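Asker: When I checked TrEMBL for this same protein, it listed these features:
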TRANSMEM  B:17-38  transmembrane segment
TRANSMEM  B:70-88  transmembrane segment
TRANSMEM  B:108-135  transmembrane segment
TRANSMEM  B:141-161  transmembrane segment
TRANSMEM  B:168-186  transmembrane segment
TRANSMEM  B:234-253  transmembrane segment
TRANSMEM  B:265-287  transmembrane segment
TRANSMEM  B:293-315  transmembrane segment
TRANSMEM  B:327-348  transmembrane segment
Amino acid sequence: MKTIKVYGPGCKRCDATEAMIREAATSLSIEVEIEKITDPRSIAMAGVMSTPGISVDGKLVHAGGLPDAVKLEGWLAT
Amino acid sequence: MTTDTHDIEPHREHSDWFWYVGVPAGGIAWVLLYQQLIPFSEWATALFPISRDSHTGEAIAFFLYDVPKVLLLLTLIVFVTGVLRSWFSPEKTRAILSGKREILGYPLAAALGVLTPFCSCSSVPLFIGFVSAGIPLGVTFSFLIAGPMVGPVGLGLLFGLVGWKITAIYLVFGFSIATIAGWVMGRMGLERYLQDWVRELNTGAATGLPEERLSMVDRLKVGLDQVKEILGKVWIWVVIGISIGALIHGYVPEAVMLKIMGGEAWWSVPAAVVVGVPMYTNAAGVIPIVEALLGKGAALGTTLAFMMSVIALSLPEMIILKQVLTLRLIAIFIAVVASGILATGFLFNALL
């Protein structure tokens, strides 16, 4: 079970990112819990300056734009 | 203007060769298409049962020439800037700026504002990230003003539609306004007008995010993704802007234009700013209008003031910034930037 956080004010790309994470998790058969962080203060506190940002189990792995699908699977698998 | 980077396509079906052959081939196709613009627009205008020299004929020809031209120019500009900007990121920019407190920080921030990819939807986290890392507020403002004001899309379209002289003037003055407005606001000591929670925040400079290694092909993909993303978003503004431009080009008599936007009417510059600020469009939508206005003899200063206030000051952006700035600070921000725009407008109307 991995806890994923998606940081973003709720733009289209944030939803797309969430969908990509779900898809990757399904294909890897990993259980994930996705939390969306939309509050600007929390986004900033996480060190994210360009959205959407992604953290896996508390570790920031990505910021700015849609993630690369291959890399995304890598973050989820480790 | 809205841009974002690192949009790497999830698919890997194409080999690197696809990109090394495809991009130059695309470039050649672009040049061939660009050469067909005038023949195409004249041919398509002739299909309408209207005299080419009538008001309607002029308007249709303007529209049919400008729409494909602007879309072609945008494709090229967005692709090239997308690739160039893949070398920059908000994190790198912050690292560069946080060491600079001297006067050099302002022009540097303005320059990085042009080069750093950021989307208006991330402007709040970006603002907080900068301020909390100890970058002075004024320097942060220089960055935030320059980003939209002297964006590559605007400059590229201005160059393609209006010519290099006005593009150069716009670049120099847009850049100066961003630098000076940031400096003025820095001198005013406005930190106390941030929202309370922003002042108390300290996120530190390090995000712990490892820098992404991108190959040249990755960068080309970023460019292509930007083209899809931005053209998908702005094409409607382009069509609206060119329609308005076409109506001005076809129907507005020059005498009327000279009266409203000519250099003689001193009030035309502030009026252009007042009209421009609430207008919500982007560089791609406003520059075809600028092209038509200048073509009808509108004064350069008035037109520059209009264009700058449309692009640099927009209500939706102010509403987003309201989360981190108090109303008072937003009012000061608008007042300082608008003064710079007014000064530019009056200067050019007086000179020419």
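Cβ atoms are placed via backbone N, Cα and C, with glycine included.
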Asker: Residues of the same chain, at least six outside the transmembrane segment (B:265-287), with any C-beta under 8 angstroms of its C-beta?
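Answerer: Same-chain residues near the transmembrane segment (B:265-287) but 6 or more away: 1-2, 70, 74, 148, 151, 153-154, 157-158, 161-162, 234, 237-238, 240-241, 259, 299, 301-303, 305-311, 313-316, 334, 338, 341-342, 345-346, 349.
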Asker: Mind checking which residues of the chain, 6+ beyond the ends of the transmembrane segment (B:70-88), have their Cβ under 8 Å from one of its Cβ atoms?
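Answerer: Distant Cβ neighbours of the transmembrane segment (B:70-88) are 3, 5-6, 30, 33-34, 37, 112, 115-117, 152-153, 156-157, 160-161, 214, 218-220, 222-227, 230-231, 234-235, 238, 242, 284, 287-288.
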Asker: Give residue numbers and ranges for long-range contacts of the transmembrane segment (B:17-38): same chain, 6 or more residues beyond its ends, CB-CB under 8 A.
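Answerer: Same-chain contacts beyond the ends: 65, 68-69, 72, 75-76, 217, 220-221.
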Asker: Report, as numbers and ranges, every residue of the chain located at least six residues beyond the transmembrane segment (B:141-161) whose Cβ falls under 8 Å of a Cβ in that stretch; write 'none' if there are none.
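Answerer: Sequence-remote neighbours of the transmembrane segment (B:141-161) are 1, 66, 69-70, 73-74, 76-78, 80-81, 93, 97, 105-107, 109-114, 116, 118, 120, 123, 127, 130, 167, 170-171, 174-175, 177-179, 181-183, 185-186, 230, 234, 282-284, 287-288, 290-291, 308, 311-312, 314, 317, 333, 337.
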Asker: In the same chain, who gets a Cβ under 8 Å from the transmembrane segment (B:168-186) while lying at least 6 residues past its ends?
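Answerer: 103, 106-107, 109-111, 113-114, 136-143, 145-146, 149-150, 154-155, 158, 300, 304, 307-308, 312, 332-333, 336-337, 340-341, 344, 348.
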Asker: Cβ under 8 Å, sequence separation of at least 6 from the ends of the transmembrane segment (B:234-253): give me the contacting residues as numbers and ranges.
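Answerer: Beyond its ends, the transmembrane segment (B:234-253) has Cβ neighbours at 55-60, 62-63, 66-67, 70-71, 74, 153, 281-282, 284-289, 291-293, 295-296.
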